[in-house]
Every structure is written in C-alpha cells, then in structure tokens.
Amino acid sequence: MALDSPKELGAIQFGLMDPETYRDMSATKVITADTYDDDGYPIDMGLMDPRLGVIDPGLECRTCGQHSGSCNGHFGHIELAAPVIHVGFTKLIRRLLRATCRECGRLSLTDEEKEEFSEKLERAKELGEDPNDVLKAAIRQARKAGRCPYCIDQSTGEPTKQHDIKHEKPTTYYEVQDVLSGEYSELIASAMQPDPDDEDDPGMAPQELAEKTDIPLDRINQILSGEFRPKADDRKAIERALDIDLTEEDMNKLMPSDIRDWFEDIPDEDIEAIGIDAERSRPEWMILTVLPVPPVTARPSITLDNGQRSEDDLTHKLVDIIRINQRFMENREAGAPQLIIEDLWELLQYHVTTFIDNEISGTPPARHRSGRPLKTLSQRLKGKEGRFRGSLSGKRVNFSARTVISPDPTLSLNEVGVPRRVATEMTQTMNVTERNLDRARRFVSNGPEGHPGANYVKRPDGRRLKVTEKNCEELAEKVEEEWEVNRHLIDGDIVIFNRQPSLHRMSIMAHEVVVMPYKTFRLNTTVCPPYNADFDGDEMNMHALQNEEARAEARVLMRVQEQILSPRFGENIIGAIQDHISGTYLLTHENPQFSETQALDLLRATSVDTLPEPNGETETGDPYWTGRALFSELLPDDLSLEFTSSAGDDVVIEDGQHLEGTIDEDAVGAFGGEIVDTITKVYGETRARIFINEIASLAMRSIMHFGFSLGIDDESIPEEANEMVDEAIENAYEQIQELIETYAAGELESLPGRTVDETLEMKIMQRLGKARDSAGEIAEDHFGDDNPAVIMARSGARGSMLNLTQMAGCVGQQAVRGERINRGYEDRTLSHFRPNDLSAEAHGFVENSYRGGLTPKEFFFHAMGGREGLVDTAVRTSKSGYLQRRLINALSELEAQYDGTVRDTSGTIVQFEFGEDGTSPVKVSSNVENEIDVGSIADRVIDNEFTSEEEKARFLGTQEPPTNLSEYAGPGLNKAGTQEVESDD
Amino acid sequence: MTDRQARRKVSREYFSQERLAEHHFRSFNNFLGRGMQEVVSEKETIDTDIGDKEGEEPVFVELGDVRIVTPRVREADGSEELLYPQEARLRNITYSAPVFMEMSIVRGGEEEEEVVVDSAETKVGRMPIMVGSEKCNIAGFDDDELVQIGEDPVDPGGYFIVNGSERVLMTSEDLAPNKILAEYDTKYGDEIQVAKTFSQRRGYRALVLCERNRKGLLEVSFPSVSGSVNFVTLVRALGLESDEEIVHRVSDDPEIVKFMLENLEMADVQTEEEAIETLGKRVASGQGKNYQLKRANYVIDRYLLPHLHEDGVDEEEVRINKAYYLCRMAEACFELALGRRESDDKDHYANKRLKVSGDLMKDLFRTALNKLARDVKYQLERANMRNRKLTVNTVVRSDVLTERLEHPIATGNWVGGRSGVSQLVDRTDYMGVLSHLRRLRSPLSRSQPHFEARDLHATQWGRICPSETPEGPNCGLVKNFAQAMELSQNVADEQGLKRELASMGVEGIPGIEGVDRTTPADD
C-alpha cells in the first residue's frame, strides 16, 4: 500500500512561465483543429491527441502509459503564428510601457530613485503592506520623466523623448505623439486672415509673421503654400505668434511583437527595482508566443445518447484558435496585404483573450452555436460555482444524509434517531481483529439489507467486495482478521448533525446514533434552541464519520453535552423549553401534593426509582409528596443555590432540596437557566446532561398530570372588564381629540428637535400606547392565576403578557416603519375616512381584541402592520447570510496559539491575549452574581477521589509519607529538616 | 326575506364560480374580439423589396380581417375535428384554434395601376385558446354537458393548454403609462425633482424624464437621445416659440414664473429652426446638416412622447400637444420643488395598471405577426425571383405564427425578455388553482428590499387580498386578487369617449372636430 504521509508545503510562488518551459513541458505540439477521425480515434497532433492524456476507458496514455483515471493528463502547446497579449496582464503591460524607455527599455528612474523604491518595497514586504502600492508609485514617478535618463536619441542628440501610452481595452496599446497637422498651411493662412466679426483685428501679413518668428520671408511663403513643413522650433514660434495649435495627435499602434521586443530590452535589475522577480517572471513572457493546451482530462468530451460527441467549451475555443492560427500562417506565407494580416492578428488576439477570460468588458463574449456564452478558463475559477468556492472550499461529500426532523422526548439530548434506511446506507469501517471477528462476520452475514449488516468488505490485498443479499452468507465465512468491513450504523455510533444556516458552533454537534423505524431524524426537543430548529418541516443533515481520529474528536469536543454552555453569553443554551417550563411551573408553583402513585408516575421516566421520605400525611393519613420534593430528587445532593427569578420569585435550594420559589424559565430554561447553568459549571457536563434529560421527562409527566390546554374561552374577560377597557380607550380618544384640537388651533407646543406635526404624532402614539397598556392591565386583573395563557406568560414558556393583552384587551396601534399608518389615498388612509382625519381609528389603532374580533378596517390596518414584519424577516435572512460569509472570510484564519496570542496565518498578532483577557467565555462565570466556587468544586472532587483521610492529606502535601530512603532522613530522625536537602522530584 | 338573507342571496349570486377567472375571460375575449384585429390593422400591409430594381413594379400584401374559430385538432388522416380541453390534456396536444386572415397581394403603384394579383382568406396559424373563453368549445355548456365531455364542472378555466400542460398567464402589475409622476431623486448628491412619464403606444414604450437640476434648469431626456436636452430648446423645437407662451403654458403661479424666467434666460435658442438645428447636433453629431435636421425631426416625431400621436391628428398639432405636455411635466417639477405638492406615490393603486392574459397575448400576437410578415415577405421575394405565380396560399406558412404563439406560452419566456410569464397551473388542490388564477406579480426585483413596494397599501382595499402573499423573497411582490375585485377594461371606442367628453364641455381634445383650437383655454 502506498504510504501517503502528509507533507508540508514550504512556500508557493507564482510567476510567469517562459515559453521555452512550455515547450519543454509539452507532450506534443498541436497543429490540427480536428479532434477525432472517422473511426472515432483521436487524431495525432490534434486537440485530442492521446499524448495529452486519455479520457476513454481502455485507451492508454501515450505519454505516461497509464489508463484513464490514473493519468492526470499532460499539457500540449500551440505555436502561435504571432505573439498575442495575455489579457490577465494588460494592466501591468500598460504600466511597464509607461515606465520604461521606448528605445533602450530602461526604467525611467534615476539610480537614486530606483534605490529609494527598492527600499520602500522591502519595507512594504516587511510590514505586510501591499507591494502593489509601491509599484504604482514607482510607475507614476517614472512616467513623470519625459525623457529617458539613460539613452540619447541619435537623430536629435537629446535624451530620448518618451511618448504617452494609450491603452484601449482590452488589449490594444497606442503610442501617442504630437505631430504637425496635415492642414498646417490652411490653419496658418486662416489665422492670418482678419476676423470679419472683430474690427480691431487687422490680420497679419507674411512680413509681419516673419518678423515675429525670426523666420525668413521666403520660408514663410513656402510654408504657406504647403511646400515646406516647419520644424519643431519654427512651428512653436508660429504657434506663439498666431496663437494657434498646429499639432494633431498621432496614434501609433503597438503590435504585440513590438511590445515583446520592447520588454526584452528591460534589464533585470530595473524590473527588480519595482518588485518583479526577473528570474521567474520576465516581462516579455506576458506576451504569449506559445499557448499551452490543457490536457484532455481538463476538457473531457462527452458522448451523447445518440453516439454523437459533444466537446467541452475549452476544446471549442482551442479549435477556433488553431483555425485562425493556421489561416494567419497561410496568409502570411502567401504574402497577403498588411491589412488582412492585421485583421487576422486581431482575431487571433480575440480568440486567445476569450480562451483565457470570456467576461472581459468591451469584448463580445465568444458564444456557443446555441447563443450561450462559452465557459472558459477564468469562468471555471470565478464565483460561487467556480473551482475555489464551489469545488475546493466546499464540496459535496459522501456518507451524509438529509431528511425531515421530528421530536422524540424519549431520546437523550446526546442522541439522534436515525431512520433504518439511513443507517443501512451509511457505513463505519471496522478493522477486523481476533476480538471482533465474530461480530464482523455477523454483520456481513446480515447482508446489505438486514439491519446491523454490512455493505462492503475489503480484503487485505486491497480488493473491495460488495456485500449482496446473495453472497453475504458465503462472504461472512471468508472474513478474517485484517479484513475491513463497512458495517451499518448501529446504536452508539457517533455522527455529526447539522442544521443550516450554521450560524454558530452549536449548529454542528455530534450525536450518538439510535437506529429507529420510519423516515425522519428524531431529536430531543431540548436541542432545538442550539440548532434553532422546529418541526414544521425543517430538514437536517447527518454525516457519518470515517476515521477513528474524527470519531474521537467528535465524541470529546463536539458531543451535544459538551455544548451546553454557549460561548455567546457564557450560559447554558440547552435546557427546558416551552411545555417543559409550563410543567415545572405547575409542579412547583403552589407546591402541590401528590399521593404515592402519582409521585411514582411523575418520576417514572427518570432514573429515580425510590421515593424520598414523604413530606407529610393528608387528613386521611395517606403520605404525600410535594412537587418541590419530587423536583429535588433530580438535583445533585449537595447543590445549594439561591437566586431571584425575573418574575420576582426567590428560589432557594439547599443541599439538593428545593425549598422555596417556583421553577420557571429562569431556573431551568434554555438561554441561561440558573440551575442548569450552575450544575453544568459545578458538576460538569455529564451531570448537566442527566439533569436536563430528567427535568424534561419530569416536566412532561407533570404537565400531563395536570392537563394543559388553551381555548378561546381562556382569553375572555367578564363583561364589566370589557366595559372598563372600552372606557379606557374612550378616555384616550377624548384626550387625543383634545390634542388634535389644540393642534388645529395652532397651540400645540413642539417638543425640542421636532416639528409640530411630529410632536402631535408622538403624543398620539404615546397616548394610544398607554391606552393599550391600561387595557392590558384591566384584562390581566381579570385573569386567574390558573389561566393557561397566564401560566405560559409568567413562567416564560411561551408568549408574553402583551400577547395576552392583545387577545383579551385591545390589539393596539398598528405601525409601519415606526409610525402610525399614514400612507394610502390622498390626505387619508382609507376611503372610509374624511380627508386629513388625524384620529386614532383613521391611522391604524385597533381598539378591539383578537378574541372580540376586528372590524374590517382594523383587520386591514393589522394586515398592513403584519406585512412589514413578514417583509422584514425575508429581507433580513438574505442579508445575514451575506454578512456571515464576510465575517467568516475575515476571521477564518485566526488561531489562538499556545502562547495565548491570536494570530493569522502569516503570524501577525491580532490579539496579544485571546479575547483581551485570555479567558474562555464558557469556562468563567457569566456575571458577578453567580461566581463559580472553585474551592468547593475542588473539595468535592478530592473527596470523591480518595477513600481515606490519610491518602487525601498525603496528596495535598499536608502529611509526609514515611520513607526509607535513608536513615538520615528517616522517620523520627528528622535531621534533614534543618539541612535543606532538595528532593529529586 | 330578511335583510340578512337577502344579502346572503345577493352575495352568493355574486360570488359564483364563474367569477373566479372572470378577469382572464374578459381580457382574453377582448383580445379575440378586437385586440387581434387592432394589431392587424396597425400592421396594415406587408411591404416587400420587390420593385427596388428598375422596371419592376412593387408588390405588397394588404392585410384584411382576421377571424378565429374554435379549437380543433387535425388528425393524421387530415380530418379536422372539434377539440375539447380534456382531450388536449390527455393527448398532450395544444388547445388551439385556427386563425384566418384576409390577405391580398397587390402589384403596381409605381408606373402601372395597382392590381390585386391574388386575394384570399387563408389560415395564418393557430392561436392557443383559453379554456372557458368565448372561443372555447365548452363555452356555454351546462354541468351535465361538461361531465359528458370529461370536463370538471367546477373547474374555473382561465388557462391555456399547450402540449398537454395547463399554463396560466401571470397577471403583471406595471406603473401606469401616459401619466405624469413627479418625484424626488438624487443626482451627484443633490436632491432634484423629476417628472416621469412612461409613454406608451402600440407596444412601444418610451420613458420621458423631465428633471429640474440643481441649478434650477429643466432638462428632458427620452429614448434615442443620450443624456438630456434643454427643456426650452425642446419646447421651441416643438413649435412653442415665444417666451410668453412657454411661461403661460407651464404655470401662471408667480413663483413658478420666476423659475421659468431663469430657464428662458439661459436658453441658447430662440426660434423653432434654431432649436431643431441644436437638437440635430445632439442626435446626429458629426453628420451632414440636412441629415441632422431630418434625424431631429424624426426623433421628436417618433421617440418623444409617442402616446400623443393619434390617427387623424396632423403632425403639427401633435407637436404642439407634446410641447404642452412637456410644460405640464415642468409644472409638476416646479410644484414639487416649491412644496406645492408631494411626490407621487408609485405604490398608489391608481398609478398601477394590470396586464392580464389578453394584454399579454396581444404583445405576443404583435411580434408573431411581425415575424409572419417577415416570412411572407421572404417567401414572396423568393417566389417572385423564380417567376412563380404569386398566390396568398403559397406564401403564407402557418407554422411561423403558431410557433411564435405557442413557444412563449409553453416556456414562459415572453417577448421583451420577461420570463416566468406563463406558469404551470398549481393543481395541488382546488384552492391552489383558484389562488394561482387570481395571482398577480410585480415586475420589481425580488433581490432588492423595495420595502415600500412590498407594503400593503391602503388603496389595495377591496382589490388585493391583504393576507395572501408568500413569505420569503417574494413577500408583498406577489399578490392575489380580493374576492370582490372588479377589473375594468380599457375603453373600446376612444373616439366616442372623447366626443362625449367634448359634448360635456371639455375643450382642446386633439382630433375632435368642432372645438375651437385657435384660442387655447385659459385654465
């Protein structure tokens, strides 16, 4: 077996490739655009040449001799008839053209400047800044120099003048220079004519011009007749004298071959000064003379049902390139006119450009016959479905399953119910040894369809055999030590479970498998909060782990019980929810009494199997147990805790006995239930898991014992209460009417920073809010404490008093974007109202309750307010996904090091101490009030560890054990005590 | 009968099942009844290139009346039988009816007299027919008859059957065309006022913008002119020359007059000719002067506010009407700038128009007919070239129109690049069907927030269901009609309406006789 030990990458370097290297690497030169001959065999030196690798099974690669699948393919090359520009480097090419001399190719910077930029570059690299900025600065500096500091123009004897470079996207470059206009004589003549509109302008005679410019008169006449082109000095003189411009821009197109010649002249040390490694990336290599042909394996052709071959987009593009390339060569050899050559050259450039990138702005994308743009090299890499984001950072995996989730309160929170279908599909590898041989054989003999069965076996020689219904018995007997058996998932296996969106680390947790019938994943309801799951059709993914390291890691780090505490707020995120909370509330609120049967029934699903001492006897002499006593049975024996719940109830627990207060959301709920939090931190995750499981079971039993339902009658309030509500609202209406009158009279005083209109709106809103609140209070007063809605709201199980208010009292003001409803018809919301009606009912105040029923107008306003919420949720989810991606990208490579610092991959310190305080949010107390009593935890652990006081004392170092190392330091003769002998340990 | 019972009876009568897809029927019947003929009449003739050569007489085709029958199927043996929806569904064929058109090939007009070479009513193609519409074979059947032919008596209809699959055309909600909408906008960080009009005529849609830029100058932009044109220049080019008249046409409000004077002061041109010249330089810069003038005239007659064109109104009058219209847009800008009015509410339902199946089919039929015309032209030229006798029946290939009508309905890719226009009828359950038939789609992108467009607007009361909208990205953009929604159709006889208005004392309606146009009304 091949040993693929992990290797470490030292560095990755990117550079340009030398055309010679292309040729050396190439398996073959490609010269024909054809792919297959009539018999369906690849054509030699064609695009499907067998030397480029094989894709058809059975054929042998002519380069490496391997078959398809094991041969990765080999590059070929096309000799381009003329150099073309690589689109990826157009910007750099432009910069280099601008920064170097057109004659000698040297960088237009003095030696000192070069030195300076080299230094800056070094510094930028050291500081981790973008070396591109230095490059840009250097180019800018070089561009300023109008003349080359190194070479002399032979014709003028001056330093060579540099021309401006114009870049026409994507791949055309021009040299721009000012030359004498072709119509110079006409221009001069017309400037010398007197201006007919301006009487003060007498024009200029040739003599006058000659005097002004110091040019002989006959020369002037020659210039005027167009016989003589004035030299640069004369031209400037004439321009000055007549205040005209005689130049026009001359654009000289730079062909890729010109650019290549130009770049060849640039000396190595010059480009190194601007940060280009000349050893690896000579600038002339940016102009392609040889085009590498990707191996066929990178552009496989597919055979359609009708036997026709359909080629990859890249192959199509390469065909185009070769065709044009050939035509180019033929035309050039035939001596075609320059114009045709240039056209072909441009066409070749276009094809090579689109071969590399088909989404260049300014170039029409190359299209397939059907009109679909071709997907060429850069399109393969870019974007969400591209190679990086689509195939490397994330990809589809084997051993994963997805289905709908449903609740199962009988499971532990660590477990997940896996449908049999999934369990038989997903496998775990079993290495057969003498100890598990029998088991392995049993799995195999069960076959792929029986449940704890197996799907594949692997012999020591590496051969994999599929276990089928037919061969399973036979195969089972053959299984020996050192075989591998891919057995089905069985109870107790560890798997990873995930629900998207994975917004925090608790979105992916490890669960133990419980294989179950039916087709859904089953979870304990207490793990809903970390996954943010519910059962309205949610689906979740499961991944079966494939090696021992992964399984160990998952079990130790990712198991649900290890995630009880959330790093978000340092308290538990797993705990009782909804009906669990109602259940514990009912059980403990008024401390009800239970008979023996009832008490046993409540504790039936827990591990408690003996009842404590009864709390007392009823009048009839039967023993009874209180709810709090039963609850206490689940608590650790020595737990002592005192806290005040947000409902204002003081909860007292002493030595594992719940004495006072009601157990509600603040005690056992997810998101920071005190008891769960304390147990997790003090007694550990395992104890917490047991506690949460049992509390959930007890609570379900309890709520079933009491019975819990919510009907329409539970929200009704007596008639007199209704009248009081109406009165309160009537009251508010009157006050609003007063406000409106004051406003209409122009007497309303505006609040600071607000207009009068805004003030009125605000005051009305305030008043209506108050009206609703008082309606709520009235309603609340008329609800009994045993009202199920009240129980849910008070215990924190579900809903709030506000919901109750809306159901029974008054729904209240509807708002859109924080304001009363103002939009609609002109000057009014609905056509049911008079224009400019400012009253409450005309702007979305719903005075009825949900139970009482809304009027049509109110219903409509309510729908308007409700719509905003729906839109908000929809828009928020899409935005948060994007935000998440950006956050992850920014933080993904940060890592806490062993020295406590947080660094990125380049070793740059981001934080000197993790979180600036070096603590883990889950390992410290979440606030000052519940500090973790480390001393008592240590005491308890040590007490458990040692059976005798003596051993404990010895461990703690309070007592020295007697030694017989030497007489000198022996018992009784403690001479060493004064001599300070250092012990070996 | 008690009041309550009476009401119940009335509403039961009102909410009968026939009403559920009523809007589709009305719209589609309207299209069959007059929409198709309108499209053909707009087209009028099919011109050919025959006659471009020397000594050859031009040939063209005159289009006459279109006629459509009820759906039928042509069997392999050539027989044609009535087709019922259920059969179309089961046999995976299209529920479509043959369309016939009177066409006559005319030769001459240059040297010789125009001679009708051939004239015939020919089948030009097949039109998919809406189940339950007036051309549908089950129209007017009672329940028993429907059961007899295998139809569900409670099926609401209102969809098409193409290749056996039932497709509904989604009603789409657009901003009302030919209406001035004033609103604020920002340009380079400054708040500016813009008056917008989507001017629409015969399937051509042009957005005309009138902006008041930060210097207070008015600029107009419309298709085919890049950037914007000075308001005064454009108005002068349209024939509204004098300062006084321009100001007067915009407004008599002293503050607006002040704004207008600023504009006139900055004006570059004074006369109509100058203005057209300036415009010519914009629309055809670098061209010859004559061409520039021609192009400028063409552009203002063709691309500027096309909805003001009307048959029977001469160019001169249309132009001045365009000028008046632009003045009204200017007034809207100024009023907005002065706070005299608030910006128009684009979500107000008065500013919305719905494109129901008939309107969509009209768009489709228009492009299909153009395609057919091109094909007829090609066939004619070819036949002429080979010196064949030109007959109507040989030059019309009915597949062209059929293909152009069926393909968009089958795929949902409508003309103008809209996709998802036709959808497979949601047959999950009966409620699904009803909801689907009464669904309404906003063309706004679902990827942008568009908070205000998604809100339930008070003007949707009674028209759009306040509750039924999907959750998620389409929330508030996809809507459903309310139960009692009544969809009005556009007026069949516009001239009649205008005459009626004129008789009631409305002055200055273009194209109406008997109104004194020399003295513009001082309103």
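Each residue, glycine too, has its Cβ placed from N, Cα and C.
Per TrEMBL, Zn(2+) 1 binding site is recorded for A:CYS61, A:CYS64, A:CYS71, A:HIS74. What TrEMBL records for A:CYS101, A:CYS104, A:CYS148, A:CYS151 is Zn(2+) 2 binding site. The annotation Mg(2+) binding site is assigned in TrEMBL to A:ASP534, A:ASP536, A:ASP538. Marked as coiled coil by TrEMBL: A:722-749. What TrEMBL records for A:284-588 is domain 'RNA polymerase N-terminal'. What TrEMBL records for A:953-985 is region 'Disordered'.
Recorded features from TrEMBL, shown on the structure.
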residue	record	DSSP (3 states)
A:CYS61	Zn(2+) 1 binding site	coil
A:HIS74	Zn(2+) 1 binding site	coil
A:CYS101	Zn(2+) 2 binding site	coil
A:CYS148	Zn(2+) 2 binding site	strand
A:ASP534	Mg(2+) binding site	coil
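Most Cβ neighbours within 10 Å among the binding-site residues A:CYS71, A:CYS151: this distinction goes to A:CYS71. Among the binding-site residues A:CYS148, A:ASP534, A:ASP536, not one has a Cα within 10 Å of the Cα of A:CYS64 (Zn(2+) 1 binding site). Cα-Cα distance from A:ASP536 (Mg(2+) binding site) to A:CYS71 (Zn(2+) 1 binding site): 49 Å (rounded to the nearest whole number). Neighbour counts of Cβ atoms within 10 Å were compared across the binding-site residues A:CYS61, A:CYS64, A:CYS101; the minimum falls on A:CYS64. Taking CA atoms as the reference points, A:HIS74 (Zn(2+) 1 binding site) and A:CYS151 (Zn(2+) 2 binding site) are 46 Å apart.
The binding-site residues listed here are A:ASP534, A:ASP536; among them, A:ASP534 has the most other Cβ atoms within 10 Å of its own Cβ.
Every protein chain considered, the tally of other Cβ atoms within 10 Å of the Cβ of A:CYS148 (Zn(2+) 2 binding site) stands at 22. Its Cβ taken as reference, A:ASP538 (Mg(2+) binding site) is surrounded by 16 other Cβ atoms within 10 Å in the chains shown. The Mg(2+) site is defined by A:ASP534, A:ASP536, A:ASP538, and by the 8 Å test on Cβ atoms against their centroid, the other residues of the chain that qualify are A:ILE405, A:ALA533, A:PHE535, A:GLY537. Comparing CA positions across the binding-site residues A:CYS61, A:CYS71, A:CYS151, the one lying closest to A:ASP538 (Mg(2+) binding site) turns out to be A:CYS71. Excluding A:CYS61, A:CYS64, A:CYS71, A:HIS74 themselves, the residues of that chain whose CB lies within 8 A of the CB mean position for the Zn(2+) 1 site are, in sequence, A:ALA27, A:ARG51, A:GLY53, A:VAL54, A:ARG62, A:THR63, A:GLY65, A:GLN66, A:ASN72, A:GLY73, A:PRO295. Note: the CA-CA distance between A:ASP534 (Mg(2+) binding site) and A:CYS151 (Zn(2+) 2 binding site) rounds to 78 Å. The Zn(2+) 2 site, placed at the center of the C-beta atoms of A:CYS101, A:CYS104, A:CYS148, A:CYS151, has further neighbours from the same chain whose C-beta lies within 8 angstroms: A:ARG102, A:GLU103, A:GLY105, A:ARG106, A:SER108, A:PRO149, A:TYR150, A:PRO159, A:THR160. Spacing of A:CYS151 (Zn(2+) 2 binding site) relative to A:CYS71 (Zn(2+) 1 binding site) is 53 Å (Cα to Cα, whole number). A gap of 53 Å separates the Cα atoms of A:CYS148 (Zn(2+) 2 binding site) and A:CYS71 (Zn(2+) 1 binding site).
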